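Undergrad: The annotation transmembrane segment is assigned in TrEMBL to 30-48, 72-93, 116-138, 150-173, 179-197, 204-223, 243-264, 276-293.
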Amino acid sequence: MAITSLRRIRAKTVRSAVASVALGERLPNAAYVATGALLLFSLSLILFPSQDSSASRELAGKATCKVCHGRALLGLRSFVLLLFTLSGVMPWLKNKIIPQIVDRKQFEASFNLDKYYGFAAQILYHFVLSGCFATAIYTSDNTLYHLATLAEPAYCTFDILLLLFTGVSFTHWQLKPLLVHHTISCACCHALMYGIPESMYGKLLQLVFHLSSGFCLGIANLLQTPSLKLSTLQRLWLQVVSMMFWAATRVGLVFLLGICTLMDAARIHPAQYRQVMVELNAAAIGSFAFVVIKTPIITRALQEAIQEYQQDRRDLEVGLNQSPRIWSRGAPSGDPMI
């Protein structure tokens, strides 16, 4: 009974993996469609406003951050504070704390430990910010939301400065993607904090960004950790979960929340309404561009996991066929596929 159930789990996982590969191949096209739909929707909101000017002026007066009240110098003060904090905390996590938790001796000499520990620190960063946004949504804490929104531009600035001064970024990214990411984060931050700070959808959008990044990066690091001793079935299952989560959050949820956030911008209608629309669309285009760039990488990793699993199954069957007495008693208890 146990062997039959295991075989069903294996067959279902392989079918899910094949379906996930097909999804990964179509996901970049879905990102292009979502980008075009958001741009057209924004254009329709600009060309055909649905609110009268008096209501717009009334709401526009409330569209300011409750911490800095739209004053650039107060926002800059928080930004500089976060920049210095992250410049100290992130390298400390990467070089001191995480190596004590994940022993470097388990890795091969050629393995890029600096990149691995950098991503591990970034995973913690994303999950901490996810917790901050979830708390800000639940408690309506304006100060926490203010700081959490500014954290991403501060981190991107720290990463670019690290690359410029040392030649290596925190997670070994190159300058071009870092600059694109920085532009996106600044546009999104400015639109959400100074344009529509009261938007619940804007808060949820940032929560989805950080949660999806932390989750998918976490799985990628788990798959590279030798001490976990993951079987090929477990590795394949994790790859499937990563692809499904990536597609559901970074295309599905981001598109839906993007529509809702644009509608909030039209409802609140601040004085810089068109500027907010441009900034939100710039952030959306950048986000979907990352989907187009990163999805083929996830898809290739999933295809390799399928091949690795199928090869292990063939090797196991060959071994069992060469040992009839073991085969007659069923699968050995140390089955590496379990």
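The chain as shown is numbered from 1 upward.
Any Cβ shown, glycine's included, is placed from N, Cα and C.
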Undergrad: Taking the transmembrane segment (150-173) as the first stretch and the transmembrane segment (72-93) as the second, find out whether 3 or more Cβ pairs fall under 8 Å, excluding pairs closer than 6 in sequence.
TA: yes
Undergrad: Okay, the transmembrane segment (179-197) and the transmembrane segment (116-138): do they have at least three CB pairs under 8 Å, pairs separated by 6 or more?
TA: no
Undergrad: Under 8 angstroms for C-beta pairs, at least 3 of them, ignoring pairs fewer than 6 apart in sequence. Is the transmembrane segment (276-293) in contact with the transmembrane segment (30-48) by that rule?
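TA: Yes, these stretches are in contact.
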Undergrad: So if I exclude everything within five residues of the ends of the transmembrane segment (204-223), which remaining residues of that chain have a CB under 8 angstroms from its CBs? That is, six or more out.
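TA: Sequence-remote neighbours of the transmembrane segment (204-223) are 116, 119-120, 122-123, 125-127, 129-130, 133-134, 137, 148-149, 152, 188, 192, 230, 235, 238-239, 241-242, 245-246, 249-250, 253-254, 257-258, 261, 287, 298, 301.
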